[in-house]
Amino acid sequence: MNLLSLHPALRTLTSDYNCLKRQVQEFPFMLEKAIGEAKQEICQVISDVSSTNEELLRKYKREMNLRKKCHNELVRLKGNIRVFCRVRPVSQEEQDSADSKTMLSFDSEDDAVLYLCNKGKTMTFDLDKVFAPHATQEEVFQEVQSLVTSCIDGFNVCIFAYGQTGSGKTFTMEGVLDNPGINQRALRLLFSEVTDKLDWDYKSPSAWWRSTTRCCGTFWGKTPPISWTLS
Ligand SMILES: Nc1ncnc2c1ncn2[C@@H]1O[C@H](COP(=O)(O)OP(=O)(O)OP(=O)(O)O)[C@@H](O)[C@H]1O
Ligand SMILES: [Mg+2]
């Protein structure tokens, strides 16, 4: 091959080389520019998302306050002090005894009235609600579960059972292993509601009292009552 024919090829190669060299020199600036533009786009998207979030949070808080107001109004209308009566099933022993002559009856029209017929005399009791013997633990709990919401809203709430021995206080409040009572159901609901609100800070000093003529103490130890924070 002759040297003269190589000359144009060398010129082309030199020009390609210079072009590539320029591109390589410009590459860092191009890269920096591209990164800068991408950053700007990302910042814009983040700012859009955060302003949407702020808006949603504002609406959520407004709705929460509205819900709280409505709930409190409902609780106030229902009455801050409510008395329920739960009639437990008659035991075999009672069926055979003279006490079985004492008869309880219910009003099919009004679930807040209870009639007690004893020795020919009928007494009427007006309560907030009467639970018949077939009422389940779930039904009883449903009637008080709104108090858990009040508790989360910061109100002091107290639920207690009162009655003579064997009337069903422990069954209603503690329940049995496969059919828990109000205590367990309320705590389960309380913890699940609170866990759902992870953006909230909760401190729940709670005490669970079992008070009879014989014993008096907190369920979770004497002092201090349980305290926990979620953030
Ligand atoms: N609603 C109910 N359904 C079925 N069984 C019930 C119900 N209520 C109470 N019982 C049963 O009646 C019995 C007495 O109930 P419980 O022990 O709850 O009474 P108590 O009021 O706690 O009595 P004490 O004051 O002596 O502790 C238990 O065997 C309990 O399982
Ligand atoms: Mg008991």
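Keep in mind that glycine also has a Cβ here, set from the backbone N, Cα and C atoms.
In TrEMBL, annotation is done automatically, which means it is predicted and not curated.
Taken verbatim from TrEMBL:
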{"type": "BINDING", "residues": "G163, Q164, T165, G166, S167, G168, K169, T170", "note": "ATP binding site"}
{"type": "DOMAIN", "residues": "80-231", "note": "domain 'Kinesin motor'"}
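Other residues of the chain with a Cβ within 8 Å of the Cβ centroid of G163, Q164, T165, G166, S167, G168, K169, T170, the ATP site, are R88, A161.
Among the binding-site residues Q164, G166, K169, T170, the residues whose Cβ sits under 6 Å from any atom of ligand 1 are G166, K169, T170.
Within the same chain, residues at least 6 positions away in sequence whose Cβ sits under 8 Å from that of K169 (ATP binding site) are A161, Y162, G163.
With a cut-off of under 6 Å between the Cβ and any atom of ligand 2, the binding-site residues G163, Q164, T165, G168, K169, T170 reduce to K169, T170.
In three-state terms derived from DSSP, G163 (ATP binding site) belongs to neither a helical nor a strand segment and is classed as coil.
Taken together, the residues in the domain 'Kinesin motor' (80-231) have a mean pLDDT of 80 on the 0 to 100 scale. With every protein chain in view, the residue among the binding-site residues G163, G166, G168 whose Cβ has the most Cβ partners within 10 Å turns out to be G168. Cβ neighbour density within 10 Å is lowest for Q164 among the binding-site residues Q164, S167, T170.
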